[in-house]
Amino acid sequence: MKVGVVGASGYVGGETLRLLVNHPDVEIAAVTSRQHVGEYLHRVQPSLRGFTDLTFSELDYDRLSDSCDLVFTAVPHGTATDIVRALYDRDIKVIDLSADYRLHDPADYTKWYGWEHPHPDYLSKSVFGIPELHREEIRSAKLVSCPGCMAVTSILALAPPVREGLVDTEHIVVDSKIGSSGAGAGAGTAHAMRAGVIRPYKPAKHRHTGEIEQELSGIAGKKIRVSMSPHAVDVVRGILCTNHVFLTREASEKDLWKMYRQAYGEERFVRLIRDKKGLYKFPDPKFLVGSNFCDIGFDLDEDNNRLVAISASDNLMKGAAGSAIQNMNIMAGLDEMSGLRYTPLTPV
């Protein structure tokens with residue numbers, strides 16, 4: 001299978017390339033960048049040194065159409081709209097890693113991103129790329145939009161209790177912690193100011209809230225509101241979501257475990273975590289770095305009828321490039337784990 005990557009100079013594009021160069025069923029046919037035309041990939045993504053001699057090329061739709069079966073777009077939010085449409089119209093399968101086709105309602109782009117979507121009629125053509133929820137739609141899709149990193153991590157934890165009708169849909173709270181790579185590859189604040197922080201950002205209006213509301217509303221069959229507050233923490237990779245929901249009826253720990261096992265027992269990239277002893281009783285992103293797993297656990301606050309669903313992932317893997325490769329495998333009829341058989345790195 002021949003693939004292309006549009007916009008491969010950032011963290012997400014680089015991680016996508018790292019997975020593709022090791023994928024047994026893939027040949028990278030083209031990699032584009034506006035800034036680095038003619039440069040070797042490893043000059044911009046040094047981890048690829050010795051794995052490929054490819055150079056960055058200009059964005060040429062005809063070349064991509066002639067040489068690629070599928071193209072990944074890993075460009076900044078707001079810049080993928082025209083690129084994705086042009087590829088789609090040339091009958092190329094597309095996996096978009098930006099936010100530009102995640103939301104189905106054009107009004108949500110005005111609400112969450114502050115701009116009108118230029119191609120609203122294409123939003124309905126996109127499948128939201130969480131395989132654990134939309135595998136069959138992904139299998140036949142021509143355009144898949146990968147979810148935001150905090151969105152997918154939270155949605156996977158919340159989907160089962162919402163589906164079971166266990167949740168007070170008026171009071172869902174998502175508390176997220178995310179590493180610095182989630183902010184992108186641009187030069188940022190000095191290390192002296194970033195190190196050691198636990199810093200709230202966009203505590204009331206983070207954009208991923210819209211994705212969580214969209215997916216949970218679809219599962220519940222009614223409009224759901226989510227209160228989400230993310231925090232930047234002093235790690236490079238990793239997301240931890242502590243999701244608080246209040247139960248509408250009594251449920252025991254045994255009931256909840258059965259619910260999660262029924263939802264994810266056969267899923268190869270979701271692991272259920274809750275040990276009675278030791279240090280690792282709940283999901284911890286430290287033990288997911290470099291892997292495509294999302295770990296899910298929970299605790300039950302019986303006094304307040306509150307379920308605390310805890311989920312963790314690597315924001316560049318299950319939260320971005322790993323999900324993209326998983327979606328590609330499904331679209332191409334490949335083994336879903338192909339190119340993704342990585343155990344987490346530890347220690348890091």
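Cβ atoms are placed via backbone N, Cα and C, with glycine included.
Summary of the site annotation: Swiss-Prot records NADP(+) binding at Ser9, Gly10, Tyr11, Val12. Screening the candidates Asn315, Asn327, Asn329 against this entry identifies Asn315 as the one listed for that site. Local packing around the binding-site residues Ser9, Asn315 was summarised as the count of other Cβ atoms within 10 Å of each Cβ; on this measure the leading residue is Asn315. Cys149 (active site) is 15 Å away from Gly10 (NADP(+) binding site) when you measure Cα to Cα.
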